[in-house]
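Below you'll find the structure, written out as structure tokens, and then a few comments.
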Amino acid sequence: MAVQGSQRRLLGSLNSTPTAIPQLGLAANQTGARCLEVSIPDGLFLSLGLVSLVENVLVVATIAKNRNLHSPMYCFICCLALSDLLVSGSNVVDTLLLLLEAGALAARAAVLQQLDNVIDVITCSSMLSSLCFLGAIAVDRYISIFYALRYRSIVTLPRARRAVAAIWVASVLFSTLFIAYYDHTAVLLCLVVFFLAMLVLMAVLYVHMLARACQHAQGIARLHKRQRPVHKGFGLKGPVTLTILLGIFFLCWGPFFLHLTLIVLCPEHPTCGCIFKNFNLFLALIICNAIIDPLIYAFHSQELRRTLKEVLTCSW
């Protein structure tokens, strides 16, 4: 499956669709059917990447600055930010390489192709590690709620560091294999199963945490004989928070893995071909997730926000 010139080179070998038409509208696929195609300009990719890059650099710098944030939970959050940083950074570099290939450095296509292969490995490994750290954060929060008294003995900093190292090593290893054997159906299926496993893990853990929180709120309400007001107020906040958290995860990552699934199930079907045409949009959603992650997992912390102000004012 060759990489088309107008497609993102980020894992672009997965996209076997014809060259995209640069506008939002109805485009004809190989069978003449009409389908909606959303073109994402290079400038938009570059802008999204730069915003995410700056945002996640601030998260990493903030956690590194404050020793009070050197805990297992913030270790996972920092690594999530680092993964998103690499996704964004590789996107920025990839966009610049696309522009350079069309410009003065077109004669050095071989050098750019080698650099692009390295970027593909970095991008793929950072995407896998980002999913892993989202799962690790969910597990950490689950343990902190259901094993609160033993949390500090279960989730220690050395164990968190070993988990982080294992995630990075596994991500680099599997991403290298993925890039090398991208045309094997088993590889694509493994990626899809991995995404579904992370989705199920997060859904089960967060739903269980929500149920425990509801039970706790009801217990407090009965204790103070104010069951209805407390239950009503919490009943709105809890499900809404859970819906936003899981909804954003599925919205940003789901289309990309749907793309991989359809490559296996119906690579030649006209309807699937219409979905393939929006490959660039699916990648843009992943970059958007890298922008949203710090807002959900990092900036909700008052301590982190206070330290962020010090970082922005250069109070080191």
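Placed from the backbone N, Cα and C atoms, the Cβ positions cover glycine too.
Residues annotated as topological domain 'Extracellular' in Swiss-Prot: 1-37 (among others).
The N-linked glycosylation site annotation in Swiss-Prot covers Asn29.
The feature transmembrane segment is assigned by Swiss-Prot to 38-63 (among others), with sequence analysis given as support. Residues 8, 20-24, 69-70, 74, 77-78, 81-82, 84-85, 87-89, 91-92, 95-96, 98-99, 278, 280-281, 283-284, 287-288, 290-291, 293-294, 298-299, 304, 307-308, 311-312 of the same chain lie 6+ residues outside the transmembrane segment (38-63) yet bring a C-beta within less than 8 angstroms of a C-beta in it.
The topological domain 'Cytoplasmic' annotation in Swiss-Prot covers 64-72 (among others), and the record cites sequence analysis as its basis. Below 8 angstroms of C-beta separation, residues 78, 140, 155-157, 159-160, 301, 303-304, 307, 310-311, 316 of the same chain, each at least six residues beyond the ends of the topological domain 'Cytoplasmic' (64-72), sit close to that stretch.
Positions annotated as transmembrane segment by Swiss-Prot, on the basis of sequence analysis: 73-93 (among others). Residues 10, 45-46, 48-53, 56-57, 59-60, 63-64, 119, 122-123, 125-127, 129-130, 133-134, 136-137, 140-141, 144, 155, 157, 160-161, 164, 167-168, 283, 286-287, 289-290, 293-294, 297-298, 304 of the same chain sit 6 or more residues outside the transmembrane segment (73-93) yet have a Cβ under 8 Å from a Cβ within it.
Annotation comment: Swiss-Prot describes 94-117 (among others) as topological domain 'Extracellular'. A mean pLDDT of 68 is what the model gives for the topological domain 'Extracellular' (94-117).
Here Swiss-Prot flags 118-139 (among others) as transmembrane segment.
For the topological domain 'Cytoplasmic' (140-162), the list of distant contacts is 70-73, 75-76, 205, 208-209, 212-213: same-chain residues at least six beyond its ends, Cβ to Cβ under 8 Å. Residues or ranges marked as topological domain 'Cytoplasmic' by Swiss-Prot: 140-162 (among others).
Below 8 angstroms of C-beta separation, residues 1, 11, 13-14, 75-76, 79, 117, 120-121, 124-129, 132-133, 136, 188, 191 of the same chain, each at least six residues beyond the ends of the transmembrane segment (163-182), sit close to that stretch. What Swiss-Prot lists as transmembrane segment is 163-182 (among others).
Residues annotated as topological domain 'Extracellular' in Swiss-Prot: 183-190 (among others).
The feature transmembrane segment is assigned by Swiss-Prot to 191-210 (among others).
What Swiss-Prot records for 211-239 (among others) is topological domain 'Cytoplasmic'.
Residues 14-16, 131, 134, 185, 188-189, 191-192, 195-196, 199, 202-203, 206-207, 210, 272, 275-276, 278-279, 281-283, 285-286, 288-289, 292, 296 of the same chain sit 6 or more residues outside the transmembrane segment (240-265) yet have a Cβ under 8 Å from a Cβ within it. The annotation transmembrane segment is assigned in Swiss-Prot to 240-265 (among others) on the grounds of sequence analysis.
Residues annotated as topological domain 'Extracellular' in Swiss-Prot: 266-278 (among others).
For 279-299 (among others), the entry in Swiss-Prot reads transmembrane segment.
The feature topological domain 'Cytoplasmic' is assigned by Swiss-Prot to 300-316 (among others). Each residue in the topological domain 'Cytoplasmic' (300-316) gets a DSSP state, and the totals come to 11 helix, 0 strand, 6 coil.
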